[in-house]
Amino acid sequence: MTEPAGPDGLPARRLLLVHAHPDDESINNGATMAKYAAEGAQVTLVTCTLGEEGEVIPPELAHLAADRDNTLGEHRIGELAAAMRELGVTDHRFLGGPGLYRDSGMMGAAQNERPGCFWQADVEEAAGHLVAVIREVRPQVMVAYDPNGGYGHPDHIQAHRVAMLAADLAAEPGFRPDLGEPHAIARVYWNCVPRSVVEEGFARLRAAGGNIPFEGIASADDVPGVVDDAEATVAVDGTRYAQRKAAAMRAHVTQIAVDGPFFALSNDLGQPVFAMEYYRMVRGQQPAGRADDLFAGTEV
Ligand SMILES: [Zn+2]
């Protein structure tokens, strides 16, 4: 289903999401992406790295890891494509092209210093690649991370910096006119999860207790982007798309193990899968109370 085209020939509602690694989009926004795509909005995902430094969960794929064959990045291109098929998202790209920026590893790792890693990238140059996408797809809404990248991973912090700078530069007529007509994004949101939602999710998980297949249960502190409830100003109800979100997460075979309403990363600690996805508006006119639509108040 495609929405009626706007005056410029583009679908009426256009959403851009900027993420650090393949899998972040499905964990954070899988239900939101599936919902807007199903409604005919244009959904564009830009992923900044291939996630080459990720740990590999299935033993039979352990050889892909950076310290062995070092082919995990290529493999994850396929996982991301499979996840996008589950969500119905056809426009997904890598910042500057696949493999231009390499995963920087966790904060403090030796890989942070590696030339070519995203953490070492020139922020304005990297933002230029995103400006080209913004001016092409002309989103009203952009979803990115908070300044700490949700949980302090260098690639997530850098993705925040690049996204926010690109949003500014894309609107400036004087910046790189060769990249297209200027475009101002009406609404910028950061991913977040309200504290009460996290606590409730972990209570559910503890209640499931022995019935989950993971080694243990993560703590609420392991969830990125936890905020006071009042700061989460948009709640997208993705309940109808929860199965598709779970399927997209499952498509990231090397990174995520999904079991019913719960999942685990390579640390094998269970976390709840959230079908409600939350956002904190940082640019745009704040609607009164909690909105349920990222496009609320935008002229479409
Ligand atoms: Zn990530």
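Glycine residues also receive a Cβ, built from the backbone N, Cα and C atoms like all the rest.
TrEMBL lists HIS21, ASP24, HIS156 with the feature Zn(2+) binding site. Around HIS156 (Zn(2+) binding site), a 10 Å sphere centred on its CB holds 27 further CB atoms from the protein chains shown. In the three-state DSSP scheme, HIS156 (Zn(2+) binding site) falls into the helix class.
Cβ environment of ASP24 (Zn(2+) binding site): THR47, HIS156 lie under 8 Å away, each six or more residues apart in the same chain.
Other residues of the chain with a Cβ within 8 Å of the Cβ centroid of HIS21, ASP24, HIS156, the Zn(2+) site, are HIS19, ALA20, ASP23, CYS48, THR49, GLY51, TYR145, GLY149, HIS153, ASP155, ALA159. Residue environment of HIS21 (Zn(2+) binding site) contains 26 other Cβ atoms, counted within 10 Å of its Cβ in all protein chains.
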